Amino acid sequence: MEKLTILLLVAAVLMSTQALVERAGENHSKENINFLLKRKRAADRGMWGECKDGLTTCLAPSECCSEDCEGSCTMW
């Protein structure tokens, strides 16, 4: 009976350890996905933030990173 109790305790510890490891893996995957999404969003915003890069159509100079709009943003 004593051996059975020890065996059950060991099994419970192993199962709880496995559950903790699996949860940590899920969080790590979510962190990777969030990191990649943030990088994609930054690339969509343009090199300098919330402005348009060179050769992108614009209506006002404030839309361009270079603050120079002549129908399209100039590079510098």
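Any Cβ shown, glycine's included, is placed from N, Cα and C.
Among Glu22, Glu63, the residue that Swiss-Prot annotates as 4-carboxyglutamate is Glu63.
Glu67 is the residue among Glu31, Glu67 that Swiss-Prot labels 4-carboxyglutamate. Looking at Cys58, Cys65, the record from Swiss-Prot puts Cys51 in a disulfide bond with Cys65. Cα to Cα, Cys65 (disulfide bond) and Cys73 (disulfide bond) are separated by 8 Å.
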